[in-house]
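Q: Pasting a structure here, questions to come.
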Amino acid sequence: MAIVMKKQADSQGEKGEVFEADVVGLDHEGRGIVRRSGKAVFVHNALPGERIACRVVQTDKRFDVADAVEILRPSGYRQDAPCPDYGECGGCSMQHIEFSAQVSFKQRVVEEQCARLGKISPDQILAPIYGLPWHYRERGRLGVQVDEEGRLKIGFRSKKSNRIVALKQCVVLPQHLSTALPKLHMGLQPFSGNLEGIEFAVAEGKTALCLIVLRRPSEKEMKCLQVLVEAFGEAWLWSWRSKNGMRQALRPEEGGLIYKLPDFNLKMSFEVGGFTQVNAKLNNLMVKRAMDLLQPSPGERLADLFCGLGNFTLPIARSGAQVLGVEGLPDLVNRAKQNAMANHCQGYADFRVADLFKVNHSALDDWCNVDKVLLDPPRAGAHAVIEMLTQARRLQRIVYVSCNPATFVRDAALLVGKGYRFKSLGVMNLFSQTAHIESIGCFDR
């Protein structure tokens, strides 16, 4: 059946309809923006300045979603995606955009959201941290699924469904892990009914894989796993864990996995599946930028809120300042204490468990009586903490590391409204080929 294409983007969309339009911008997810009868249409695989033909795949009262089916006039920033699964696999969304243009887009998204949503503007825009274009993703989780024929598929979720796209290679995984994907597909077939996912972490000279299982592996499954352990060699660390807390390491690493912060002479211990940044080199650049903005010095007292395993806390301690790290997860606090002792920072760093989404006035006398604060919250942001910090009289500087522009802008606007000066703003491209944005802001009283 022939498709009737409407030449003008001037009518309301119906699912399946194909029409031509000019792309006028990008949204925060990296989709092209088309305006049609006053309604926004978000188009996958479309860039500003392009003339496209697109097919409506989702309709809503407020907006429509479409796929680009033909690029009639391409942008100068368009490139061919190197991944054969791009467009189907949901792991990446920006491989069709030239690398430097990806970073510019992310910078623009944060600046525009500050101006439009927060009505705020920084005194200075920092040069972006560009990151690495390919083979950078040292931490993460691979999805697994059994297809209709009983075969195990390992990869990332599809963009358009919950189906797992089986990957034979991956351009954002470290090269050696990408190369190992076919061997994992073959070797883990006996686990097809018992495997939920595979957590991975690349550390100093080691690669750790943890199988997430529904139940304790059977004798047959364990024999299969032992074969894989021997086949992959000593540089690969294998373990499994189940939902009920059972776990076993088949080739454990004494003292845990390690990543380095070379600018601060620190070695940080962590576990596969625990929260760490996606790439050790990029993490070092991010921490260095945060310290350059924070400027901790001997005699000062600081707080690192949402401190995790001490990624920012211990660099602060290295300056000679006293620092309190606060984190909601006891396991991470214990790991942070171990890292402080291993790096001889325990005299400068202390740690505490606290729910930072439910703060109260006692916190003012406890961990708000400081000169400076570093914040690194999850995507939900730090609204409750920010409200409390605006009442802290001693506090003079806040450095805020964010993984969600929307909550960053909300919290930054609250700080500015309470008298803080928005000194600087920058983006850090930790997740190349995706629309994920890490940003950092500095606020002075």
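Cβ atoms here come from the backbone N, Cα and C positions, even for glycine.
Sharing the features that TrEMBL gives for it:
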- 12-70: domain 'TRAM' (DOMAIN)
- Gln277, Phe306, Glu327, Asp376: S-adenosyl-L-methionine binding site (BINDING)
- Cys403: active site, nucleophile (ACT_SITE)
- Cys403: active site (ACT_SITE)
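I would like each feature placed in context: is it buried or exposed, what are its neighbours, and how far apart are things?
A: Taking DSSP states H, G and I as helix and E and B as strand, the domain 'TRAM' (12-70) has 0 helix, 35 strand, 24 coil.
DSSP assigns Phe306 (S-adenosyl-L-methionine binding site) to coil in the three-state reduction, outside any helix or strand.
Residue environment of Cys403 (active site, nucleophile) contains 18 other Cβ atoms, counted within 10 Å of its Cβ in all protein chains.
DSSP assigns Cys403 (active site, nucleophile) to coil in the three-state reduction, outside any helix or strand.
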Q: According to DSSP, collapsed to three classes, what secondary structure does Gln277 (S-adenosyl-L-methionine binding site) have?
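A: The three-state answer is coil.
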Q: Looking at Cβ-Cβ distances, which residues of the chain lie under 8 angstroms from Asp376 (S-adenosyl-L-methionine binding site) while being 6 or more apart from it?
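A: Listed in sequence order: Asp304, Leu305, Phe306, Cys307, Gly308, Asn311, Phe312, Val401.
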Q: Could you list the residues of the same chain, at least six apart in sequence, whose Cβ is under 8 A from the Cβ of Gln277 (S-adenosyl-L-methionine binding site)?
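A: Those within reach of Gln277 (S-adenosyl-L-methionine binding site), by Cβ under 8 Å and sequence separation of 6 or more, are Arg139, Asn283, Met286, Asn311, Leu430.
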Q: So how many other Cβ atoms are close to Phe306 (S-adenosyl-L-methionine binding site), meaning within 10 Å of its Cβ?
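A: By my count, 22.
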Q: For the S-adenosyl-L-methionine site (Gln277, Phe306, Glu327, Asp376), what does the 8 A shell look like? I mean other same-chain residues with CB within 8 A of the CB centroid.
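A: The surrounding set, listed in chain order, is Phe275, Asp304, Cys307, Gly308, Asn311, Phe312, Pro377, Val401.
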Q: Within its own chain, what residues at least 6 apart in sequence put their Cβ under 8 Å from the Cβ of Glu327 (S-adenosyl-L-methionine binding site), listed in sequence order?
A: Phe306, Cys307, Gly308, Val333, Ala336, Phe351, Arg352, Val353, Ala354, Leu356
